[in-house]
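Copied from TrEMBL, the annotated features are:
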type	residues	note
DOMAIN	69-339	domain 'ABC transporter'
TRANSMEM	445-462	transmembrane segment
TRANSMEM	474-496	transmembrane segment
TRANSMEM	517-540	transmembrane segment
TRANSMEM	552-573	transmembrane segment
TRANSMEM	580-602	transmembrane segment
TRANSMEM	669-689	transmembrane segment
């Protein structure tokens with residue numbers, strides 16, 4: 001029996017509109033005006049044909065030169081081998097139909113969907129091209145014509161449904177669309193997807209903030225994609241018969257992309273919510289959209305909503321057609337679906353590879369796939385997905401008529417909104433999220449008040465004597481430590497949680513990295529100014545620090561700088577970490593050396609020469625020196641309670657014993673400001689690198 005892993009490496013993806021105008025030869029005289037041309041696009045059908053797609057271990061891809069070679073014949077340790085993911089996959093998704101891609105785990109559903117959307121990982125090789133209206137297109141063009149509802153719902157959980165959609169409209173619709181039109185579309189989408197009752201409901205964060213149900217959250221994902229603005233450039237060349245000149249049409253459609261891809265939209269939902277979500281997809285298809293979705297174990301009611309099903313097994317197509325045709329096909333093979341049995345469960349079980357029965361299951365799968373390939377339906381699909389001969393290159397191979405699209409894509413910004421419009425929208429959302437974030441506002445304020453009172457009570461009423469000097473110096477360093485760790489952990493918990501949302505929205509062309517980072521910084525500034533002011537205002541006079549109002553103001557400024565240095569450092573830790581757990585592990589480990597060389601546990605003159613660079617980067621050192629100079633400078637008398645011990649007579653002696661230098665206060669404040677700027681800049685570079693590396 002032929003091994004499917006021996007197929008030659010080749011893949012073809014085609015997108016054509018289901019319209020006689022664009023089938024075969026194209027007569028430029030039959031092109032409709034702009035409004036009519038959109039009808040062609042909205043009636044697009046997707047046809048795809050893959051001979052194979054493979055992924056290699058160790059991130060290295062190897063093309064199989066001999067068709068008979070098997071991927072498991074070469075040891076992995078000696079040479080990286082290829083793993084075949086898909087082979088001989090082809091099919092068609094028509095407008096007005098909902099196509100469900102089904103199969104057991106590992107059948108190739110996600111691989112097929114990612115390949116269609118140009119979202120395959122870098123170590124997956126797919127040779128071929130994608131065509132729209134008979135013209136090959138780039139990934140950017142297909143993305144502008146389609147919506148992709150991913151499996152994971154990622155939102156800023158503190159926003160309401162309407163606030164989220166307003167933000168989407170501000171950054172995803174064309175910059176020339178007036179604000180009133182955008183808001184009208186937001187209201188229209190809310191009504192279309194039955195979100196009116198929860199329009200002012202907080203989206204929610206699992207385990208923290210109660211919000212939308214699973215079905216409502218999935219419908220919100222659909223609503224976000226329906227706000228996509230489309231820009232379609234239709235081009236045909238004189239190399240196509242019956243065309244004497246290049247025809248260019250620019251069609252701008254503000255809403256409703258004609259193609260929609262969904263990745264397991266019912267995962268994690270109960271049967272009622274799953275039926276609700278698929279009903280939304282069915283309604284979209286009835287409006288003329290081409291809807292393609294992977295789905296996992298649909299109920300019988302959900303299965304009945306599908307117009308077409310694509311059953312996959314071992315990376316091959318086992319069937320593609322209507323649900324009724326599927327039952328007929330398997331009945332003809334001698335494997336009819338039992339009565340009162342969910343057809344989807346039966347088909348998936350029939351096409352699954354069962355442990356301890358791998359060989360017999362693979363033989364059954366290959367038999368079914370071969371029978372479908374040679375069936376009347378399979379032959380028709382193969383005929384309909386044949387590449388058009390009038391699109392071949394003069395030099396051989398396939399003519400990439402999408403190169404002009406790629407040129408236009410390279411000249412045109414991937415962002416729909418201008419830089420300033422992005423700035424306003426992201427800043428508006430960042431301010432809303434910051435004000436509504438309980439960890440940053442309510443919990444932080446409560447924590448600040450309680451810790452401030454606790455420190456004030458512990459060090460209450462210190463007098464200027466020998467014991468008071470030691471206690472005051474200790475209290476000052478405790479204030480710095482609290483401002484550091486309180487801000488570091490708060491920012492890491494919030495910022496790391498937002499990074500997945502940022503990455504998805506950035507890669508969808510919604511806003512730039514610098515816009516996000518700058519807006520996040522600006523939105524957080526009021527919080528990280530108010531928190532240290534509240535903190536020091538409570539504890540300063542309770543401890544009995546220098547009562548001069550100017551000294552109090554200087555202490556507020558110093559601790560505010562400490563708060564922002566810690567925030568900047570936590571941004572850096574968050575950006576270089578892959579997840580929140582890693583950030584929370586790295587943060588304290590890196591902060592401890594800065595803490596040790598802060599001048600309290602180790603005198604500045606005792607720092608080894610090979611550790612000097614750490615002390616220069618320690619904000620504990622600069623803040624401790626600034627606050628100590630601010631406290632003891634000008635203190636002329638310190639009471640001595642023990643005559644047999646060395647007692648500092650005034651503030652000058654205290655400063656000299658600590659190896660501090662008068663006049664360094666301004667340098668310390670400038671150093672703290674420099675650390676804020678330096679850590680933020682490094683954090684931005686780390687975030688920028690993370691986005692570039694993900695492309």
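Note that Cβ sites are derived from N, Cα and C of the backbone, with glycine treated the same way.
Counting only same-chain residues 6+ beyond the ends of the transmembrane segment (517-540), those with a CB under 8 A from a CB of the stretch are 423, 426-427, 429-431, 433-434, 440-441, 444-445, 448-449, 451-453, 455-456, 459, 475, 479, 482-483, 486-487, 491, 495, 498, 552, 555-556, 559-560, 562-564, 567, 680, 683-684, 687. Take the transmembrane segment (580-602) and the stretches 445-462, 552-573, 669-689: counting Cβ pairs under 8 Å, 552-573 has the most.
Here the transmembrane segment (669-689) has Cβ contacts under 8 Å with residues 513-514, 517, 521, 557-558, 561-562, 564-565, 568-569, 571-572, 574-576, 617, 619, 622-623, 626 of the same chain, all six or more residues outside its ends.
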